[in-house]
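A.B. asks: In case it's useful when we look at the structure, here is the feature table from TrEMBL:
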- G13, A14, G15, K16, T17, T18, R118: ATP binding site (BINDING)
- T17: Mg(2+) binding site (BINDING)
- D35, R59, G81, R137: substrate binding site (BINDING)
Amino acid sequence: MRGVSLYLIGMMGAGKTTVGRLLAQQLGYGFVDTDDVIAQATGRAITQLFAEEGEAAFRQLESDVLAQVSAHINLTVATGGGIVLRRENWSYLRHGLIVWLDVPVELLYNRLAEDTTRPLLQDPDPRGKLRSLLEQRQPLYSQADLHIMVYEGETPEQIANRVMEAIPSVLKNPTSHQHKEN
Ligand SMILES: Nc1ncnc2c1ncn2[C@@H]1O[C@H](COP(=O)(O)OP(=O)(O)OP(=O)(O)O)[C@@H](O)[C@H]1O
Ligand SMILES: O=C(O)C1=C[C@@H](O)[C@@H](O)[C@H](O)C1
Ligand SMILES: [Mg+2]
């Protein structure tokens with residue numbers, strides 16, 4: 001990887017945080033979760049931030065955190081599910097290799113049905129909400145460098161291994177960013 005950071009994108013519940021930690025271990029990289037950084041920096045849970053400041057304020061904080069994180073190398077970064085929504089965020093994500101964990105809505109729903117920490121899912125029809133969010137975001141997620149389809153029953157370890165195996169096929173040519181030696 002030569003220090004190139006990894007950015008995990010995908011829907012809430014896709015496993016960005018869970019798989020991201022494993023990938024950081026395997027790569028010997030640091031691990032950053034943008035949601036966690038925001039929660040720590042503000043001293044408030046994401047749900048509380050959404051409730052008290054609104055989604056737009058959260059999105060601004062998210063961009064600010066991503067901008068700072070993208071200045072570093074040797075990181076695996078788990079992002080928030082909505083990081084793809086702002087165009088400016090893509091210029092930061094492109095500092096590294098972008099991996100989309102693509103998980104079917106039914107699986108997402110099963111994972112998050114009991115979870116109250118995703119404010120956008122506090123909806124009378126959470127399954128329908130997941131479906132409409134995915135429909136809206138799919139064209140954005142698909143701009144990732146690497147598209148990893150996740151299947152039912154796969155463990156986080158298996159998914160992390162598949163990401164590791166797929167990385168060489170898309171690793172950006174390291175010399176393209178460097179000055180040629182004379
Ligand atoms: N491969 C897997 N199999 C079963 N459960 C999983 C798997 N990966 C993650 N989970 C579980 O699904 C839930 C959501 O995972 P995680 O928090 O990693 O998702 P996320 O993509 O970071 O979501 P968010 O965008 O909301 O932060 C957690 O309870 C986690 O333990
Ligand atoms: O998909 C989303 O928009 C979100 C996903 C989470 O990671 C959090 O960033 C927050 O709950 C919003
Ligand atoms: Mg997460």
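Even glycines carry a Cβ here, placed using N, Cα and C.
Automatic, uncurated: that is what TrEMBL annotation is.
I'm curious about the neighbourhood of these features; can you describe it?
C.D. replies: In the three-state DSSP scheme, G13 (ATP binding site) falls into the coil class.
Long-range neighbours of T17 (ATP binding site) (same chain, six or more residues apart, CB within less than 8 Å of its CB): D33, D35, D36, A78.
The secondary structure of R59 (substrate binding site), as reduced to three states from DSSP, is helical.
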A.B. asks: Around ligand 3, within a Cβ distance of under 6 Å, which of the binding-site residues A14, K16, T17, T18, G81, R137 show up?
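C.D. replies: What lies within reach of ligand 3, judged by Cβ under 6 Å, is K16, T17.
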A.B. asks: Taking the center of the Cβ atoms of G13, A14, G15, K16, T17, T18, R118 at the recorded ATP site, which other residues in this chain have a Cβ no more than 8 Å from that point?
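C.D. replies: Once G13, A14, G15, K16, T17, T18, R118 are set aside, the remaining close residues are G10, M11, M12, V19, A78, G81, L101, R111.
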A.B. asks: May I ask which of the binding-site residues R59, G81, R137 is closest to G13 (ATP binding site) if we compare their C-alpha atoms?
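C.D. replies: Result: the closest of the binding-site residues to G13 (ATP binding site) is G81.
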A.B. asks: Taking the residues G13, A14, G15, K16, T17, T18, R118, which the record names as binding ATP, find the longest CA to CA distance and state it in Å to the nearest whole number.
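C.D. replies: So the binding residues stretch over 15 Å, Cα to Cα.
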